[in-house]
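The structure appears right after this line, and notes come after that.
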Amino acid sequence: MDDPEDLSEIFAQVQGVDKRIYSLIIQMQEKQNTRDWMGFLSDYENLRHLEEQISQKEDSTQEEKEQRMDVMRNNIKLILNVIVKIKDHDFNKQDYSDQRYFAQRQDLIKRIREQNEIIGFVKFLVNLTAYDENLIQCGSNSLNLLVNMKVDIRNQNFENIRIKNTSLFGANFFRCNLSGSQLDNVDINGMNLNGALLLNCRWTNVKKQGEINKLDGHTDSVKSVCFSPDGNILASGSEDDSICLWDVKKGQQKIKFDGHSSLVHSVCFSPDGTLLASGSYEIIGLWDVKKGQQTKILKGHGDRVQSVCFSPDGTKLASGSKDTSIQLWDVKTGQQKKILNGHRKTVQSVCFSPDGIILASGSEDNSIRLWDVMTGQQKAKLDAHKNSVKSVCFSPDGITLASGGWDKFIRLWDVKTRKKKVQLNVDSQYVQSVCFSPDGTTLASGSYDKYIRLWDVKTGFQKTILDGHTQSVLSVCFSPDGSALASGSCDRSIRLWDVQTGFQKTELDGHNAPVWLACFSPDGTILASGSNDKSIRLWDVKTGQQKAKLDGHTHSVLSVCFSPDGCSLASGSLDNSIRFWDVKTGQQKFQLYGHSSQVTSVFFSPDGTILASGSWDNSIRLWDVMTGQQKFQLYGHSSYVTSVFFSPDGTILASGSYDKSIRLWNVKTGQEKAKFYGHSNVYSVCFSPDSTTLACGSEDNSIRLWDVKTGQLMSQLDGHRYSVYSVCFSPDGTTLASGSMDSSIRLWDVTTGYQKSQFDGYTYQVLPVCFSSDYTTLAFDSGDKSTCLWDVRIGQQKTQLDGHSILVNSVCFSPDGTILASSRPDKSIRLWNVQTGLQVTKLDGHSATVWSLCFSPNGNILASGSTDKSIRLWDVKTGQQQAKLDGHSGYVYSVCFSPDGTTLASGSEDNSIRFWNVKTGQQKAKLDGHSSYVYSVCFSPDGTTLASGSWDKSIRLWNVKTGLQKIKLDGHSSQVNSVCFSPDGTILASGRADKSIRLWDVKTGQQKNKLDGHRNSVISVYFSPDGTTLASGSSDNSIRIWDVKTGQQKIKLDVHKNSVNSVCFSPDGTTLASGSSDNSIRLWNVKTGLQKTKFDGHSSFVLSICFSPNGTTLAQSNSDNSIRFWEGKTGQEIQSQDKNYKDILNYSKTLLIENSPLPGTTYLNILLISQQSIFQAQDALVLKSEFVNKLGINLQTLFKQKGSCIFESQLDSKLK
């Protein structure tokens, strides 16, 4: 493998190349379609043609053109030289997504991540795969790099690209044109194809993890599924009285047998695949698979037939029934051969051994019986299950028998000795079905808890859980080659699963009860979690995949701790025990008993030789890790011990208790050294890395820092609203993390005691928090059963982006006009792409209505104020919450950035104004003076003055630097609705419910003018860009335009038939927009007062309108829950501008409306951030395409189920 530095140096050579060249080369190739595109580019005339295309809109002299031509030749020469080098590099020969190249790939990403010119070249390599087959692998690796670097590749044209031997896991191809694309041996897990164009695609051998297909057709629960011997057909029996045969590869129904008059409990193929047997009420049906006809009806049972099974040679059929009997039938004649009696209750399952000599049966009498097929005599009775045995299955070699029952256990039996070999605890709900893989190494089980579990037969460990069904799983069956698993469920569906790739799920949601705690391994690669579900789970921090599930405790797991070398894990439980686990194998090493009540905390000494445990028996115990013997028992606390923690040097042990004390113990002697009082019940203690400081969290909502040497209280950190459950120092000791019952996590500066940041948005209390060893990641668990990982450096929270469902409260453009922010009473903020009309991000975090939004001057940050009394700062690019600013004790009605973007002002229901440092999130100043709600705040253009309008009927001007009130403007006889500075900052306009508009001299505070004319409340005021004109909208249904200098009304516009809620000038000042409760938007010529355009089509009130800074687009929000965009000059509503869609929409617009797979869907997920990798393809347009996985199964059915529009028949006729 080549040195990755060589590759990065090769890429670096394209820096300085005009990026327009890449797109022009692709356009040229589309037109010329030359095989030797590199030779074509070497031709002087072709180069001149390219140069003309680049400079066609530029005025320049002949000399300048020649200079550009020289630059063009050099650029082309450089591009060709780089491509020649890459052709001979491993990058064009090997799969760089393979684990072997992990280090090289990460190093390359690190070097080029921020290099936009190199990224442009990497995109170029991807597009070249459509024209040069010699560059397919380097183009494939390039696309993998773009995906891993999180480069935005949405809404782009990838027509005819050829990609092979790589991973596109998590690729976001939202609204991309992938028509004509060819994918071979590519991982498509977690891919977002929402709105993508997929015409004439050929995807083969693609890797799709987990569920492959969902087969819908039955109208009631699917009771049984069975593969044909060749694996091409799947049979299913249902409570809807029918049997269906399915084409496995196509995922389509082949035939439906409607012959039974009652529900079908069981189906089974004959060994040669020509016959299908089905069991129903009192009868068994034999069906000719090829003809689809019933050939025989076998009668003999006195009640419903629960199970049928062919003998390996196909000559016999066994059936088990509710009448407690088993019957053997001659398949050829249909005659009954034997009746096997012995069970006392319903026979739920029958299965022949591979050699056909033994028949096994499971019954509701809790027993399994083995029968001699030749004589019909019972050979053995296996008793162990404590409830009904629902399923029995022989291993392929006939040595082992598996049984699943309603006692929630799966048991493996040695057929020869009749002894139980292994017992597998499903730990949740009844086991309905079990099935061995063809090679006998894996056992699948289906359960009432909706899950399918795969077990390693040799070790007895659970390998994975397959999650997808929404109701109980009734039947599971492996395909003959073992690569696929079929399952039938009460949710009426059959699902096919890829067994090979489905072993691990990318999610941290595995526990089925609240998760109490999480702990990183010393190297930070593994996270352990303990839960009320009695289990411990080990997670791969990098991939998010569950590595192992450790079962053994008989009650909730309350504490886990890794040994310093990371090889062992200790756990404490409500079952009063401590257990040691081997992290590598997942095996329990030994168990420690001694405590007489629940073990709440366990902690290893730094050298790993001692384990400390704290318990509700009020004691602390020290254990010898090597021998498992108790060394000391420490008594002193008079109530529950909640937390224990060793000092970094291992000489001191700290403990916290419900007796409101913290105690320090000498580890060597077991003697108490010191006792600290001050808290109420102490929940958590933690030493700083240098052992000088002890932090503790308490029921009194506070965190306290203590000097270990003197025992003195150093500082108290207040902020949490409820009990602090967990505290943890960062590895460098500068930051303390705390988790609380108030559902928040807070990071504190240990030196100053100030809160650095806060992570909110959780619906349950935050339980233990834990830093990774490099301080970049914080893990915590919540009572909502989930485990979450946070990036500490940027404080980013994971979220899901949805579409609005209720009113829009507020809209705000970014300074460059490309993004629109909106807020609604659903407590969310959403960011929208103005050009395409598509939602970019949904910002969730506020717990109540968002009243106000404001972009920072550079457009990178969005501030929001809410009824939840908080202000939040959001990263516009990523959609992540940067900070939460707490301080106001009432609703936050208004937020505004200073012109330099360093300060944020907020006005609140608590009558105060606050200034915030945008960088640190700290409050800079609090301005008091208003005696009622502060409804509006606005910075002057120079940033030195802040204006505030209040319900106390006053306007106040504040000195931003000192925080002192400069002037109070009185004059309004009712609350102030709106304030607005003139562009030069010398005049302030205000409008309110007293029907008046007032103009104020900002310098003197004197009222310059009062503009009367409106007959009702003035709702909105807005200055023209040159400051000479003021527009106002009112509840009297009119718009008025005023001369600012004279105060005279210039124009009155009476056309709206209801309140005018919003007015806004275009940036050039020639057009005024108005939005009204009459459901319309109108554009007016400011000079003549004539209406230019009316935007109709609204079904509800227009609440707010706003021009983009360039004046080309008008945004509006209205009470029908929508935001719309309009072309500012023509008045035409702007729809999606993606050119990729133009051709297809010409044919399919009507079909999209009439045949939408998700009626009423308005918004698509541009980005879905989830703990689980989720494949998305909603509203993707598919025509004449194949998507085939490694099993030969066409995934087009999966695309359809994900919401894609399949236009095979309708659109085909249109195109003709």
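Cβ coordinates are placed from backbone N, Cα and C, and glycine is handled just like the others.
Note: TrEMBL annotation is automatic and uncurated.
Copied over from TrEMBL, here are the features:
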REPEAT    257-297  repeat 'WD'
REPEAT    298-339  repeat 'WD'
REPEAT    424-460  repeat 'WD'
REPEAT    508-549  repeat 'WD'
DOMAIN    516-672  domain 'EML-like second beta-propeller'
REPEAT    550-591  repeat 'WD'
REPEAT    682-716  repeat 'WD'
REPEAT    717-758  repeat 'WD'
REPEAT    759-800  repeat 'WD'
REPEAT    885-926  repeat 'WD'
REPEAT    927-963  repeat 'WD'
DOMAIN    993-1145  domain 'EML-like second beta-propeller'
REPEAT    1011-1052  repeat 'WD'
REPEAT    1053-1094  repeat 'WD'
With a Cβ cut-off under 8 Å, give me the same-chain residues at least six positions beyond the ends of the repeat 'WD' (298-339) that come close to it. 262-263, 265-272, 275, 277-286, 345-352, 354-356, 359, 361, 363, 371, 373, 376
With DSSP helix as H/G/I and strand as E/B, how many residues of the repeat 'WD' (1011-1052) fall in helix, strand and coil? 0 helix, 22 strand, 20 coil
For the repeat 'WD' (508-549), mean pLDDT (0 to 100): 66
Surrounding residues of the repeat 'WD' (885-926) on its own chain - C-beta under 8 Å, 6+ positions past either end: 719, 754, 756-758, 851-858, 861, 863-867, 869-873, 932-939, 941-943, 946, 948, 950, 952, 958, 960, 963
Who are the long-range neighbours of the repeat 'WD' (1011-1052) in its own chain, taking Cβ under 8 Å and residues 6 or more past its ends? 977-984, 987, 989-993, 995-999, 1058-1065, 1067-1069, 1072, 1074, 1076, 1078, 1084, 1086, 1089
By Cβ distance under 8 Å, which residues at least 6 away from the ends of the repeat 'WD' (927-963) in the same chain are close to it? 890-891, 893-900, 903, 905-909, 911-915, 969-970, 972-981, 983-985, 988, 990, 992, 1000, 1002, 1005
Just give the helix, strand and coil counts over the repeat 'WD' (257-297), going by DSSP. 0 helix, 23 strand, 18 coil
